[in-house]
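These features come from Swiss-Prot:
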type	residues	note
BINDING	19-26, 81-85, 136-139	GTP binding site
BINDING	T26	Mg(2+) binding site
DOMAIN	10-205	domain 'tr-type G'
REGION	19-26	region 'G1'
REGION	60-64	region 'G2'
REGION	81-84	region 'G3'
REGION	136-139	region 'G4'
Amino acid sequence: MAKEKFNRTKVHMNVGTIGHVDHGKTTLSAAITTYCAKKYGDKLLKYDEIDNAPEEKERGITINTRHLEYQSDKRHYAHIDCPGHADYVKNMITGAAQMDGAILVVSAPDSVMPQTKEHLLLARQVGVPSIIVFLNKVDLVDDPELVELVEEEVRETLTSYGFPEDTPIIKGSAFKALQEGATAEDTACIEELLKTMDEYFKDPVRDSDKPFLLPIEDIFTIQGRGTVVTGRIERGVIKMNEEVEIVGIKPTKKTVVTGIEMFNKLLDEGEAGDNVGLLLRGIEKKEVERGQVLAKPGSIHPHTKFEAQIYVLSKEEGGRHSPFFSGYRPQFYFRTTDITGTVNLPEGTDMVKPGDNTKIIGELIHPIAMDQGLKLAIREGGRTIASGQVTNIIE
């Protein structure tokens, strides 16, 4: 059979399952892919293929994740499922797999459990835009009133973490929907879930539609032409003769892009994902350095003080062997550069041990271009000891 061409007509979206251990996340993931394989002819992955997820390394942190894909009437979904709780925590904090929407799986016989809450808190902190709840194993609860009570508890929990009270809740049994002889009644919950995902999750803003930003990696002088900076465009589009700002480390400076090159060819414009060289008007080589960014004027500002949520690598992952305390001074790695800074721990936290996840307040010796959601690594002697993202900007 000839290979099928990737269909770009449907909107692409990243989703994932979250929730307490053994509440049925992987079973639900398998039920969705099975349903879609039958309906749309997608490739099928069986439950055990999803559950023994391969290890991935994201900046030296080992994370087990399984990437699935399926399509609905409206979208093409890339879906991540993590087998272990620690994998979820690492995945969400390090932003290894960004989610445009999450499916929170709650077992009806067990209701809300500690990891249900922890995953919701993380989803809120790392900016997962919206959540749909799948209330699983409802066939194991005889009393419909009990199911209603669980639903109420789920809604209260959602609002306590800042998600809307009218978040959709789909009830069903992933296990029943997954069975060989599943009836239309058994799979109705999966059909309803997909329809709700299509309607309730909003289309993600594509990187190319966001304001232009390029982290500077290298700087060259071209005799008779001026200064060229190189890097990969993180977001947005840059056109010839557009004004940009050089942000971070030094005072912000305006300039104009007078040339765009990729693979030694001249372009009229560069877009998110392109590795480009940009010629800057009236800028000397010594005025620019690695670690600064080029950005659309006014779209990003330099900051030194921020809150972040981080995961601290365990000793086995190559992290520290001992805890650290408030006042710890490591290197913070943002985009393309290391900058020295101080880590302060929140009130009530005396120290942070390898393997922990925690909130910190970071303060840098130089300002860098920063916005909420920016990924960071904390390094010591050239090795990564923690990883996470900026959750709030202080100054």
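Each residue's number is its place along the chain shown, starting with 1.
Positions of Cβ are set from backbone N, Cα and C atoms, glycine also.
Sequence features, as recorded in Swiss-Prot, placed on the structure.
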residue	record	Cβ within 10 Å
G19	GTP binding site	26
D22	GTP binding site	13
K25	GTP binding site	26
T26	Mg(2+) binding site	21
C82	GTP binding site	24
H85	GTP binding site	15
V138	GTP binding site	20
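A coil conformation is recorded for D22 (GTP binding site) in the three-state DSSP classification, outside any helix or strand. The separation of T26 (Mg(2+) binding site) from G19 (GTP binding site), Cα to Cα, is 10 Å.
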